[in-house]
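A.B. asks: Sharing a structure, written as structure tokens. Questions coming.
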Amino acid sequence: MAEVIVVTSGKGGVGKTTSSAAFATGLAQRGKKVVVIDFDVGLRNLDLIMGVERRVVFDIVNVIQGEARLNQALIRDKRVDTLSILPASQTRDKDALTKEGVGTIIEELSKDHDYILCDSPAGIEKGALLALYFADQAVVVTNPEVSSVRDSDRILGVLQSKSKRAEEKRDPVKEHLLVTRYDPARVEKGEMLKLDDIREILAIPLLGVIPESESVLRASNTGTPVVMDAESIAGQAYKDAVGRFLGEKVEHRFLEAQKKGIFSRLFGGRAA
Amino acid sequence: MSWLDFFRSRKPEPATADQAKERLQIVLAHERIGRTREDFLPKLQQEIVMVVAKYVAIDPGKVNVSLDRGGDMSTLAIEIDLPGPQGAGLRRAS
């Protein structure tokens, strides 16, 4: 039986897809059989971030409507062989997703995967609700910014009331906080919410802190999940988060501003 | 902005992160209550105005409502202009 993990946030643009891609790849790099599903029907992007956009033939809606078999729609990653991607449809609207259809897909994927990651769309409408409905665990992606924290709190409420686990009154969905775009230098200047403040407000266990880093844009430009960039501090932070997820004790890194020497002050050079 | 500004020391921005935290704590405290039971303040306001309207003819345009949701205390201020004897008389005449 696979664990179903939803990557969600409420707010858009905080890094759900980047985190889904990095997390799925990170888990697969650790030998786990992983499939990552894009739930953003109409605005699919996971394929681009994963660098498989030219290999998309069928998508999740084709499978739900019986136009393709699940195996035909799954795209196997060429870099990590235990990783596959199920893309969203770009042309249909969100109503093409049904609870029964998604349930059947997840049940079938469960048989031969360890983890099923659901990359949620923004908002709390149908696509987002379906992405979290079957979840056993949730990674709540939050930026150190008021609207993102508020929306994360809202989505936590939705997880606690509208997930399948909540409806069936089973053990609640296990929640993890993933803070992204964290800029320790701005935190030190008092311009950005501190990690401890976010933790205090949302009060869920911290999985990881991904520092603001230029490598994230570089990764999306090239369609390489940032976790594959061993030089990148964001990539390393995702790798650490994956380790913690698998139960390892890994210290949090990149929480302090890097001291800049006069040379890098003069000639730029930001976080890798 | 002149090129000389480049050399002037820039004023440090005031730290705003604390404000962010405080505002979040207050708004979320209220929203979390709203999840378990309905926020009664809008309804309370509606009903108060309805009760007043039962006894006095009030101009709906002259009802001012302000609500300030705070951490320890919320304030609901309802200001209703009641027509004076003259206003009431005029209205009857018209």
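Placed from the backbone N, Cα and C atoms, the Cβ positions cover glycine too.
No curator has checked TrEMBL annotations; they are predicted automatically.
Not measured: the values here are computed from a predicted model.
As listed in TrEMBL for this protein:
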type	residues	note
BINDING	A:LYS11, A:GLY12, A:GLY13, A:VAL14, A:GLY15, A:LYS16, A:THR17, A:THR18	ATP binding site
DOMAIN	A:5-226	domain 'CobQ/CobB/MinD/ParA nucleotide binding'
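Locate each feature and note its surroundings.
C.D. replies: Long-range Cβ contacts of A:VAL14 (ATP binding site) within its own chain (separation 6+, distance under 8 Å): A:VAL141, A:THR142, A:ASN143, A:SER148, A:THR180, A:ARG181.
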A.B. asks: Let me know how many other Cβ atoms fall within 10 Å of the Cβ of A:GLY13 (ATP binding site).
C.D. replies: 11
A.B. asks: Please list residues from the chain of A:GLY15 (ATP binding site) whose Cβ is under 8 angstroms from its Cβ, counting only those at least six apart in sequence.
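C.D. replies: A:SER9, A:VAL141, A:ASN143, A:THR180, A:ARG181, A:ILE210, A:VAL216 - these are the non-local Cβ neighbours of A:GLY15 (ATP binding site), listed in sequence order.
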A.B. asks: Other Cβ atoms within 10 Å is the metric here; tell me which of the binding-site residues A:LYS16, A:THR18 scores highest.
C.D. replies: A:LYS16
A.B. asks: I'd like to know which of these binding-site residues, A:LYS11, A:GLY12, A:THR17, is least surrounded, judged by other CB atoms within 10 A.
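C.D. replies: With the binding-site residues A:LYS11, A:GLY12, A:THR17, fewest surrounding Cβ atoms within 10 Å: A:GLY12.
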